[in-house]
Amino acid sequence: MRPLWLLALLLALSQALPFEQKGFWDFTLDDGLLMMNDEEASGADTTSGVPDMDSVTPTFSAMCPFGCHCHLRVVQCSDLGLKTVPKEISPDTTLLDLQNNDITELRKDDFKGLQHLYALVLVNNKISKIHEKAFSPLRKLQKLYISKNHLVEIPPNLPSSLVELRIHDNRIRKVPKGVFSGLRNMNCIEMGGNPLENSGFEPGAFDGLKLNYLRISEAKLTGIPKDLPETLNELHLDHNKIQAIELEDLLRYSKLYRLGLGHNQIRMIENGSLSFLPTLRELHLDNNKLSRVPAGLPDLKLLQVVYLHSNNITKVGVNDFCPMGFGVKRAYYNGISLFNNPVPYWEVQPATFRCVTDRLAIQFGNYKK
């Protein structure tokens, strides 16, 4: 009987939550890539996060590193206390799991011969050094998970086939120009949990990328970084130190449909800033220092979810969410959170929420000073 953990190949999650690697098969549960359709995906053969089942056929190679578990084209070597990448890995390996070990360095020939590797999981090691040619043999690698290590820079010479990079919870302070050069297939980067400041992004750092999903959460940003890819559908900058949204900050991101700015220090959103986001469906502004509902929400015809809880909002106007006319807003709200604000909810007029699907979509009250 095929091991139960292989059933995880068939799973898929659709919510874009902060990435947390709990087990080997978590890397198939893409929170960023699943939101794209085939037309939005670029270049590579597979972007769904689940390997093509036709290509995962039984092999009978006797090659399996000592202590590891090998089945089909999967080599699982997690939680073994490994100091280096093991040898004797079958050249037809598609998925290689090396998480939760003590690997400190990736050497030139560590992945030699693994030209069919699709996903490489190196989460929670002690990697601080990567040879410039370490990834050269990995011509078909699409997913590289190297979070929770000791890296101080983006690895050089990443495979051009790469679709998804998760490098959060390292020690990266700088994203230089050209580090992502040639990565035409890349559409998802998770790089939160690094001590990145706005000055750490060199001009042109993201040139050439056509990302759909980018998360730079839990960093040291004081504003929205400049020159991020115009192709972004999701941008998550929560848990930073952003204080304001100025008019030009969102100018180039007209394709965004989810924007995460929760858990910052935002006091002001300049009038007109949100008008550059005509396709926005979900806006997270919770746990900030806003004193009013941001202007421009009624003009966002596709907006359905707004998180404004845990701010300093003292008043909600009758036209703060819904347009004044009828039939103007195409999508009705199905979620508005306003709880934990000092607004007297009994003074808010019922007509304020005339373009909400039902009363259960509104979360109000429970303010504690």
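Cβ atoms are placed via backbone N, Cα and C, with glycine included.
A quick note: this is a predicted structure, and the numbers were derived from the prediction, not measured.
When the candidates Cys64, Cys68 are compared with TrEMBL, only one is recorded as disulfide-bonded to Cys77, and it is Cys68. For Cys64, the disulfide partner recorded in TrEMBL among Cys70, Cys188 is Cys70. Here Cys355 is paired by TrEMBL through a disulfide bond, and of Cys188, Cys322 its partner is Cys322. Taking CA atoms as the reference points, Cys77 (disulfide bond) and Cys70 (disulfide bond) are 9 Å apart. Note: the Cα of Cys64 (disulfide bond) and the Cα of Cys355 (disulfide bond) are spaced 60 Å from each other.
Across the structure, Cys70 (disulfide bond) and Cys355 (disulfide bond) are spaced 55 Å apart at their Cα atoms.
Looking at Cys322 (disulfide bond) and Cys68 (disulfide bond), their Cα atoms lie 58 Å from each other. Here the CA atom of Cys68 (disulfide bond) lies 56 Å from the CA atom of Cys355 (disulfide bond).
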